[in-house]
Amino acid sequence: MPAERKALRYGHSEGHTDVCFDDTGRYIVTCGSDGDVRIWEGLDDDDPKSINVGERAYSVALKNGKLVTAVSNNTVQLHTFPEGDPDGILTRFTTNANHVTFNGDGSRVAAGSSDFMVKIVEVSDSSQQKTLRGHQAPILSVAFDPKDEFLGSSSCDGSVAVWKIDDQVQVVSWNVLQKSSDVSNAKSLCRLAWQPGFGKLLAVPADKSVQLYERNSWNNVSRLSDDFIAQPVNVVAWSPCGKFLAAATIGGFIVVWDVDTKQCIERQKHEKGYTVCGLSWHPSGGQIVYTDTEGCLGLLDGVAASSPQHGSKNNEVAMGNYDDLFDEDDDGHLAEDLSENGLAANTVTGGGNEDDEDDDLMPSTGRPRNRGAFLDDDDDTSVDAGSVKYENDGRVGTPLPSVPCPAVSQPRYEGPMPTPPQKPFQPGSTPVHLMHRFLVWNSVGIVRGYNDEQDNAVDVEFHDTSVHHAMHLTNTLGHTMADMSQEAVLLACEGTDELASKIQCLHFSSWDTNKEWMVDLPKEENAKALCLGQGWAAVATSALLVRIFSIGGLQREIFSLPGPAVCMAGHGQQLLIAYHRGTGFDGEQALGVQLLQFGQKKRQVIHGEPLPLSQKSYLSWMGFSAEGTPCFVDSEGTVRMLNRSLGNTWTPVCSTRESCKGTSDHYWVVGVHENPQQLRCIPCKGSRFPPTLPRPAVAILPFKLPFCQTATEKGHMEEQYWRSLLFQNHLDFLSSSGYEIDEEARSKGQKEQQELLMKMFALSCKLERELRCMELAELMTHSVVTLAIRYATRSHRMALAQRLGELALEKATAQHEEDHEDDEEQSELPKSHQPNCQQTQKEELEDEDLGEQDDREGMDSREGTEGRKPCECLSSFGKEQHVSASNPSGLSAQPRATNVLDSMTPSSRKPLSLGISGGKQSKEPALKPLVPRPKSKTQVTLLQMNCPKIARKNLEPATEEPAQKDTISPASPPASTENLKPKTGFQLWLEENRKRILADKPDLDETDIIKEAMSLFRALSAEDRLSWTERAKGQSGGTADLKKRKRREENVEEKRNELQENSTKKTKTVDTSARLSAFAFNKT
């Protein structure tokens, strides 16, 4: 009986359409020229779900919950099914993609475009793509071999080609189509189809027939045609069992053949004669869904349903008159023909024998009937084992498969499956298969590659045009990798059968006239990753080697990697390498990382430790921050930074996924900055990488550590503190590497950290978390602990204040011992380590001059604060001490700020111990105790308790001596004072260079001018400083210099004796009652 043709449904607007079933057969998915994808729950669904994917949709494919569409904006898009949420862009073309299809397991998608190319894309990683080039006209259709070994494609150039997927080469090609200039002008869509199962046959629509080509031999083994086909065949589709082939023509004629017998078993004519452009079988067979060029959706039900016969003779007669079913429309004549052959007429009309009626129905399992399976002779035992059907009470069951011989069961592995290793890539580059792509985008500039019919070139563009002008290079070698720095541009290409892999460097900063060099790698060794550093270049090869070159082309070190390289990055004298440590499982990548430090002392900082990626993710970017800290980003958008202060561990500092609006949106990282804290990246809507044109805009994302409860005040301040601490680590690294660091930025960061600690301390006090207060105090500096003591005292938390006092005492003692050790190391320095004795003596004299001025200014400040309250004394005292340490000319302190924390100015230099007055300029003066009132025990200041008793005893005479000097010095005239104190080399240099400093930085006050001048003076060479010292000596005369030196030697000797005496005595513990009395609160 012929298949039942359902009434057409309007699905899309007029134009090209496509259709497919989902894996279960529950849903029908269509797309059309209106740009919509509709999901139907059967043909009777009056409200299908609609998804807009673009202006026009040309093709649709569905597998494993992934919906792929070819859209008019030159992209192949991915959506989730049945939700329909966007899931990214698999690939891009320069023109429209015409056809898409999945392979058997749904892991790959093939797409053909009007730019003559076919691309094969991995669904899990769209960057893994293969490009097939060879057609000379737009692609009409593509089809995967069921074994995933070959791919068939048809083109407007009239050819049908078969490709070897792994080798990306064309195996065979047939010119069986009529040529056309475009898909819209083609006489047929020529939708190819491989036979399910083993892919033995490839069906190719050729004019008014279907040609069948045999696998491997590629011979034309059969031709299927029908007399009723009057126009070219447009699309073909195999049944799931592989025994039937359906074809639809331009004029709307649908035919189904039994491939084994080459018999036409179904003929259906489109009710309106429209061209059928979409055709798909139900996963279980029995139904064919189709769409036409007018946007209508139709369905054939009961396709290939056969009636089993009880005798071979009847079978032969029935098959002999089978075509008569389609020749006559009158059921009466059909019944007469069948009755003459011994069959009841009511079998067709629907009445009569119940068993025969049941035989004409579809099986309950939904599997298709096999009309071509019938008995060969009268012997019941001579049957095809694959086509036997059994009957039970007149009910026809499903076909029985052929019974194989008993076999021994093989053990089956059910453990985790290995993950395909990630392929090597260049950080800041887009996939290689793109015709227009970024070879690299970093903080220096952009390198673009173009590979099309018009041009095959490389464009180099610099963010700062003062570094170098833009360059246009002809890419004759086919470079696919690049990196750039402030010195050079490095390019590389993989080798071919004729040419070796080449490394090309354009050293544009060279003073030599020959600014370019090239190196050929050994045969069968290809470049896989490369990077540039300061004065060197590195290349990782397929031989598991890393080759180091100088920037001028000199071959340097070479070493082996434990596994294949994934990517590399360079910065200054640092080289960061990521490679495969082994095979990952269950979607995980097993990557290792090495960090090498070049320069005078070459060493390996990270020795191949595992690279911590997010679950089931891969590495997407790796590099250095602008300040030189290693960072990397995985495919889940997590940014991690190396924490040098915590044993070279990796700390997550940002998650770009939190800033993405859609599930298919991503951020493409191009740079990381620590000061200011910025993550520079490009937003990509519906894709993982940006297009080259138009030029994408760079966005800035903030950093945020994944702390708990960051919405609360406590969690927010904790995250701020530790983030500030982490992003200050680069200053210590740069300082240890010999770079000049920004002291202002360091001081600002330290001040911010101490303020956050004090705020958290105040919050913990309010929450009555005294233990937490002590933990915070341990992170504070000595000066901030004194503020914490005062806050605890005012909050009536005497026990906390007592413990804080002990902590402050411990910090002061530890600080004193540390400074004492530094002084001993300097005094024990052998003469062989002193290159210039005169220079060293002169610098010590300058430090002594600054220290004497500190003593005098400190004396003045103490006299001025005797009448103030303790809070005011502490805040103003801290400010005056800071100014005196950096202001040798004796300038007055700045006015006291409203906030106590504003008066704290952290310094990178170590403060002096409490037991020494004055000292070198490189040490910050310690806090000195205020003079207590003699008649009141409750007015003992907190600072006195923080100082050791021995230190206070030694400080008392030290405070009296400067007072006596101050009473005598005003009696002498100012001129005599200047004569007694000769100018130092630094003061003489400052007088001559003050105008230049003010011209460069006019906003500096006097204190900052002196700071800047001291840093510049110390940056001078030893010979220059010595010359300034000699000039100062010539102006001052020898007598004053001798007196100064003698006085300095006496002071140094007194300080050494004092330090030795303090070190021999043990610090006495303060009695508990004395401590409590010290923190008594005066209620009046």
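Just so you know, glycine gets a Cβ as well, placed from its N, Cα and C.
It should be emphasised that the depicted structure is a prediction, and the values quoted were computed from it without experimental measurement.
Features of the protein shown, as given by TrEMBL:
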DNA_BIND  979-1056  DNA-binding region
COMPBIAS  844-855  compositional bias 'Acidic residues'
COMPBIAS  856-871  compositional bias 'Basic and acidic residues'
COMPBIAS  966-979  compositional bias 'Polar residues'
COMPBIAS  1048-1059  compositional bias 'Basic and acidic residues'
DOMAIN    979-1056  domain 'HMG box'
REGION    339-427  region 'Disordered'
REGION    811-873  region 'Disordered'
REGION    902-983  region 'Disordered'
REGION    1030-1071  region 'Disordered'
REPEAT    9-41  repeat 'WD'
REPEAT    132-173  repeat 'WD'
REPEAT    233-267  repeat 'WD'
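Sequence-distant contacts of the repeat 'WD' (9-41) (same chain, at least 6 residues past either end, Cβ-Cβ under 8 Å): 48-64, 67, 69, 71-72, 79, 81-82, 84, 277-284, 287, 289-298, 366. Taking DSSP states H, G and I as helix and E and B as strand, the repeat 'WD' (233-267) has 0 helix, 23 strand, 12 coil. Across the range of the repeat 'WD' (132-173), the DSSP-based residue counts are 0 helix, 25 strand, 17 coil. Each residue in the repeat 'WD' (9-41) gets a DSSP state, and the totals come to 0 helix, 17 strand, 16 coil.
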